[in-house]
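Taken verbatim from TrEMBL:
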TRANSMEM  A:20-42  transmembrane segment
DOMAIN    A:20-184  domain 'Cytochrome c assembly protein'
TRANSMEM  A:62-82  transmembrane segment
TRANSMEM  A:94-113  transmembrane segment
TRANSMEM  A:128-148  transmembrane segment
TRANSMEM  A:160-180  transmembrane segment
TRANSMEM  A:200-222  transmembrane segment
Amino acid sequence: MASIWEWANPRKFMDWTDRALPVIAALAACLFVGGLVWGFFFTPDDYRQGATVKIFYLHVPSAMMAINIWAMMLVASLIWIVRRHHVSALAAKSAAAIGATMTLIALVTGAIWGKPMWGTYWEWDPRLTSFLILFLFYVGYMALWDAIENPDTAADLTSVLCLVGSVFAILSRYAVLFWNQGLHQGASLSMDAEENVADVYWYPALVCIAGFILLFVTLVLLRTRTEIRARRLHALEMRERVAGQ
Amino acid sequence: MIRLFWRDITLAFRSGGGFGLGLGFFLILVTLVPFGVGPDSARLETIAPGILWVGALLACLLSLDRLFALDFEDGSLDLLATAPIPLEGVVAIKALAHWITTGLPLVIAAPALGFLLHLDGAAYRWLVVTLLIGTPALSFIGAFGAALTVGLKRGGLLMSLLVLPLYIPTLIFGAEVVRRGAEGFLVGTPLAMQAGITAGAVALLPFAAAAALRVALR
């Protein structure tokens, strides 16, 4: 019986992603487009918020992904620290840019939504502020990757940053809650039916969330494959240079 | 370890800049703020806690890249890494020395500068207390940031970017205590949170920083 780690062996990883990627990508596209079309055109306008409520289908999934991608990077960083598995480090590196983009989407759609609802694009509200901080963490993480030439050193240092950053991200989350009670509503997708959104909005939102998750999986696999190829190319170039001398 | 401590402190005093830099920056900031926001004493009074805390934070940030960079360049960091004391201890001592040379002067100077900003009478006590509790956290978090970027050319800006989000909880609780103190509310919870952050940072971050330094020295 092969261990689970073999799936992450670079060669095997390239093999199975080569076969699985078209399927996952197609599924992601279906769910993503399906969820958004369903949400935008086939749900009624909200009686108070009107058509603006529909930005919800972009805002909520991207905000969820922004947090979960950091959690995935944390797991990947831990795997790198413990097992020194190169694909894991590269996956964390690939995920960072996607996470930063998701955070940005959540912030921008939130601003666009906030203007008609709260009368302001930006408010120093706990949720908004903690997303801004999260965005800073992503930017710092990517900048540290880019600043270091040796890939192993970069992976080591960014993993340590990811670990410490996670602790401080949680701290900041509670600190800003303490600092300002804001405008943002509570969780709209909790298990508690009382504060949940109505079913008409809930089902397309679920499809959108699934679409975003698969979109992330597609992108992270694609980017990791690119990173592995770039690494191989680099190795080939070095070999040629050595042979040419 | 004690000798390392004194060495860092005397270096900071004698090399010029290191010691006075943070204090000078703090003074400049506090002098400039009334020119920026206007001399209205009621307005200055409301923003004074925040300005003083932000000023302390930036002053601390300013001197951080000297923490390991100089020792890294002249090779003494390699010697310290091979010395019989653990690298975690070296980091802790250096962060402590950094606090004594930049954090502590700020704590001492803060009441005088608070006076310039019309800080409310009841808030002085809390300003000194929070700075005393909070600035060690700034030094230790900064030591971690400095350790991450030590081997890099032009690491200063990157370090500021990395350290900035880590500083936010300390800043929030620090300024919150002073603001509440000025208005006469209870300050126990934010003060305890800030003390908790400092205790956690002092206890754990030397390990993270030492791990980063080992990678940089490899």
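Just so you know, glycine gets a Cβ as well, placed from its N, Cα and C.
The transmembrane segment (A:128-148) and the transmembrane segment (A:62-82) are in contact, since at least 3 Cβ pairs between them lie under 8 Å (pairs 6 or more apart in sequence). Comparison of A:20-42, A:160-180, A:200-222 by number of C-beta pairs under 8 angstroms to the transmembrane segment (A:94-113) places A:200-222 first. Here the domain 'Cytochrome c assembly protein' (A:20-184) has a mean pLDDT of 84 out of 100. The stretch in A:20-42, A:62-82, A:160-180 that contributes the largest number of Cβ pairs under 8 Å to the transmembrane segment (A:200-222) is A:20-42. Through the fold, the transmembrane segment (A:20-42) approaches residues 54, 56-58, 201, 203-212, 214-215, 217-218, 221-222, 225 of its own chain, all at least 6 residues removed from its boundaries and within a Cβ separation under 8 Å.
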